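Trainee: Input: one structure, supplied below.
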Amino acid sequence: MTDAAVSFAKDFLAGGVAAAISKTAVAPIERVKLLLQVQHASKQITADKQYKGIIDCVVRIPKEQGVLSFWRGNLANVIRYFPTQALNFAFKDKYKQIFLGGVDKRTQFWRYFAGNLASGGAAGATSLCFVYPLDFARTRLAADVGKAGAEREFKGLGDCLVKIYKSDGIKGLYQGFNVSVQGIIIYRAAYFGIYDTAKGMLPDPKNTHIFISWMIAQSVTAVAGLTSYPFDTVRRRMMMQSGRKGTDIMYTGTLDCWRKIARDEGGKAFFKGAWSNVLRGMGGAFVLVLYDEIKKYT
């Protein structure tokens with residue numbers, strides 16, 4: 001194997017392992033966030049049974065669905081997240097070679113910053129093309145509030161993918177893909193671009209104290225998450241459309257979804273679950289730092 005291939009494989013492994021560990025740890029927060037985002041578009045959650053907020057959600061989930069339901073959709077998320085994050089990190093470095101080749105970060109700051117934004121955004125969009133059906137399934141499984149058996153919309157990951165494919169074809173598994181690409185470019189651009197730029201400005205980036213790295217990563221994930229959150233809400237709502245027919249369809253398309261959420265629920269609705277997203281972002285910050293630490297030993 002060439003040095004480039006070995007480097008690519010190390011990036012893939014380090015990113016994937018770090019992501020799988022952190023995602024499982026924050027899975028309960030992730031599910032709360034998803035339920036708050038999509039409950040208005042769920043056939044299972046009637047208006048009188050909607051969650052009032054994070055605390056209400058955390059209290060009611062174990063009572064109504066059991067404690068283990070906090071991890072509903074987590075298998076799909078781990079399977080999805082391993083290649084997603086691994087591909088993001090691996091492609092990020094490849095795109096950095098394209099966008100940042102020959103750029104001096106000290107004398108060409110804005111070009112360096114723009115190159116980091118471009119490489120982060122392109123990496124996120126590229127990896128999304130490969131794993132979107134898994135992201136779709138994770139969302140639908142997390143949104144499934146049935147207690148067990150017949151009450152559940154889907155029995156598991158495979159059942160979800162098969163049912164939606166039979167009902168809507170491949171299009172159903174990619175529902176909300178366009179707005180996802182828009183959101184992922186914004187999120188990844190900030191996530192990687194600002195993080196790498198900030199680390200690059202440090203006197204000795206390779207030997208930065210882990211606490212400083214974590215603080216930078218924490219700030220980056222919070223800002224990136226809030227900036228792209230409305231796009232995430234719209235894409236999750238669009239995912240809830242798959243498998244529906246006729247009058248059950250709430251939104252005719254992405255623009256209609258944006259318009260109806262703003263008109264019927266107000267601007268705040270785009271940010272439902274955003275606070276839990278910031279908490280979840282601690283896991284994302286941990287991934288960035290853990291990835292750098294793992295790479296030191298590989």
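Note: Cβ is positioned from N, Cα and C throughout, glycine not excepted.
The topological domain 'Mitochondrial intermembrane' feature in Swiss-Prot is assigned to 1-7, 100-109, 200-210, 292-298; the stated evidence is a curator's inference. Annotation source Swiss-Prot lists repeat 'Solcar 1' at 6-98. If you look up Swiss-Prot, you'll see 8-37, 75-99, 110-130, 179-199, 211-231, 274-291 marked as transmembrane segment, on the strength of similarity to another entry. Among the features that Swiss-Prot reports, N6,N6,N6-trimethyllysine is placed at K52. Feature annotation from Swiss-Prot assigns repeat 'Solcar 2' to 111-201. If you look up Swiss-Prot, you'll see 235-240 marked as motif 'Nucleotide carrier signature motif', on the strength of similarity to another entry.
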Trainee: Note down the number of other Cβ atoms within 10 Å of the Cβ of K52 (N6,N6,N6-trimethyllysine), including every protein chain shown.
Mentor: 9
Trainee: DSSP on K52 (N6,N6,N6-trimethyllysine), three-state: which is it?
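Mentor: Assignment for K52 (N6,N6,N6-trimethyllysine) reads coil.
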Trainee: Against which stretches of its own chain does the topological domain 'Mitochondrial intermembrane' (100-109) lie, if we need a Cβ under 8 Å and a gap of at least six residues from its ends?
Mentor: 115-116, 119, 197, 200-201
Trainee: Let me spell it out: take the transmembrane segment (179-199), skip the flanking residues so only those 6+ beyond its ends count, and list any with a Cβ under 8 Å from a Cβ in it.
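Mentor: Residues packing against the transmembrane segment (179-199) from afar: 88, 92, 96, 105, 112-113, 116-125, 128, 132, 135, 205, 208, 213, 216-217, 220-221, 223-225, 227-228, 231-232, 234-235, 238, 254, 284, 288.
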Trainee: What mean pLDDT does the predicted model reach across the repeat 'Solcar 1' (6-98)?
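Mentor: In the predicted model, the repeat 'Solcar 1' (6-98) has a mean pLDDT of 84.
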Trainee: In terms of Cβ proximity under 8 Å, which residues at least six beyond the ends of the topological domain 'Mitochondrial intermembrane' (200-210) contact it?
Mentor: 105, 112, 116, 289, 293, 296
